[in-house]
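Summarising the annotation, Swiss-Prot assigns [4Fe-4S] cluster 1 binding site to CYS16, CYS52, CYS90 and lists sequence analysis as the type of evidence. Per Swiss-Prot, the feature [4Fe-4S] cluster 2 binding site maps to CYS165, CYS169, CYS172; the stated evidence is sequence analysis. As annotated by Swiss-Prot, domain 'MTTase N-terminal' applies to 7-127, with the evidence given as sequence analysis. Residues or ranges marked as domain 'Radical SAM core' by Swiss-Prot: 151-378. Per Swiss-Prot, the feature domain 'TRAM' maps to 381-443; the stated evidence is sequence analysis.
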Amino acid sequence: MSETPQKRLYIKTYGCQMNVYDSERMADVLRPLGYGIVDEPEGADLVVLNTCHIREKATEKVYSELGYIKQMKGRKAEAGGQMTVAVAGCVAQAEGQEIMRRQPAVDLVVGPQAYHQLPELIARAHRATGERLSADFAADEKFDALPAERQVSGVSAFLTVQEGCDKFCTFCVVPYTRGGEWSRPPEQIEDEARRLADQGVREVTLLGQNVNAYDGGGYTLARLVRRLAKIPGLDRIRYTTSHPRDMGDDLIEAHGELPELMPYLHLPVQAGSDKILKAMNRDHTAESYIRLIEKIRQARPDIAMSGDFIVGFPGERDGDFEKTLDLVREVGFASAFSFKYSRRPGTPASAMPGQVDEAVKAERLERLNQLLDEQQKAFNILQVGKTMPVLFEKKGRNPGQIVGRSPYLQAVHAVGSEDLLGQIVPVRIESSAKMSLGGVLETQPLPEPA
């Protein structure tokens, strides 16, 4: 008896880590239907674009990609085959009807809280009957419906614990595309984490739009992290993305007490001007952010700080931008992400007066990036001569080379056996670059944490 040919599934992921997680879970949902992942869209039976709506450029990329997909779909139809095209994620949530109007090649649209409905939507598309757009805000229903088993490759994995946002920063579409803040039950999270550890995952990154606002039936994020830290084989825990307003004392204490909680924290600030922060509805000041960083560093002196910045927000003058540079100099970031303000339809900031010229945005972004690059290089140079535990994840580009991650999230390159992949190994750092470190394997094991 011959086996049924596997159906080919191509997923292209745009945007944040949560979209990466969502794409993996879509594959899990579709696997029982016979779909297997392929690396290229040409010839695929099902193409899913998992989209990001944070910036205008990301949205336009989707429509551009759909033009290419339409041609592929036509070629497959001419050859007697069928390609089903789905748009998922935040653009789907925000512009579902517009997507289907602008691009008839799209067969179905599914928002980020409804991708568990993909099998039914695909069936409707094949029957050419029924609603083929789902943008429900039902995160609890989604997670209850997802398969318990995840198929992961590698020793690091993302794990969504919280979704949505109640902060309503005036520049941001997340509350409109992901809905309000919602937290998964801790038991469900622990079960998924244990299953990951059983598959050889050594490091998990807990995900949420406001992950430190996690509230799982009396569980704060700190309490959840302490619970997960007890799972055998799960040696490293990270989390992203955080809001300064929700950085509680218990979470700061966890950074100082738990060796499993990595000394790396991504804590967006966006701007250094209180006037701009107020216009953004950030609910913190530059000074309160700086004091918070000081408190975190008192608990964990070696912590590497990362941040997000937006330049050219409406009303930002030269003096406001200089205050952002001042904040960067005072805090000192190991890494950061910086962007020009992007006007998003429906957000309060899009209608604000004082929209900044694109050329001014570009000049400010260049200056900010230069300062941030200098700080990142300086942080990496400070690691030279130190020995640190590195979780090796994959083969390097050069023969005999393996690549892993430091506790501070830098890529670390070393010559070593592939047998070390999946292992945490002490490495003496001997060189640094902007984005990575180079080192040699130590023969002596690292001392146990005090």
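Glycine is treated like the rest: Cβ placed from N, Cα and C.
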Cβ within 8 Å of the mean position of the Cβ atoms of CYS16, CYS52, CYS90: remaining residues of the chain near [4Fe-4S] cluster 1: TYR14, GLY15, MET18, ASN19, THR51, HIS53, ILE54, ALA58, GLY89, THR177
Between CYS16, CYS165, CYS169, which of the binding-site residues has the fewest other CB atoms within 10 angstroms in the structure shown? CYS16
Nearest to CYS52 ([4Fe-4S] cluster 1 binding site) in three-dimensional space, by Cα, is which of the binding-site residues CYS165, CYS169, CYS172? CYS172
Which secondary structure state does DSSP assign to CYS169 ([4Fe-4S] cluster 2 binding site), in the simple three-class scheme? coil
What is the one among the binding-site residues CYS52, CYS90, CYS172 whose Cβ has the most other Cβ atoms less than or equal to 10 Å away? CYS90
Excluding CYS165, CYS169, CYS172, which residues of the same chain place their Cβ within 8 Å of the centroid of the Cβ atoms of the recorded [4Fe-4S] cluster 2 site? LYS167, PHE168, PHE171, VAL173, VAL174, PRO175, GLN209
Cα-Cα, CYS165 ([4Fe-4S] cluster 2 binding site) versus CYS90 ([4Fe-4S] cluster 1 binding site), nearest Å, comes out at 13
Sort the residues of the domain 'MTTase N-terminal' (7-127) into helix, strand and coil with DSSP and give the three counts. 66 helix, 25 strand, 30 coil
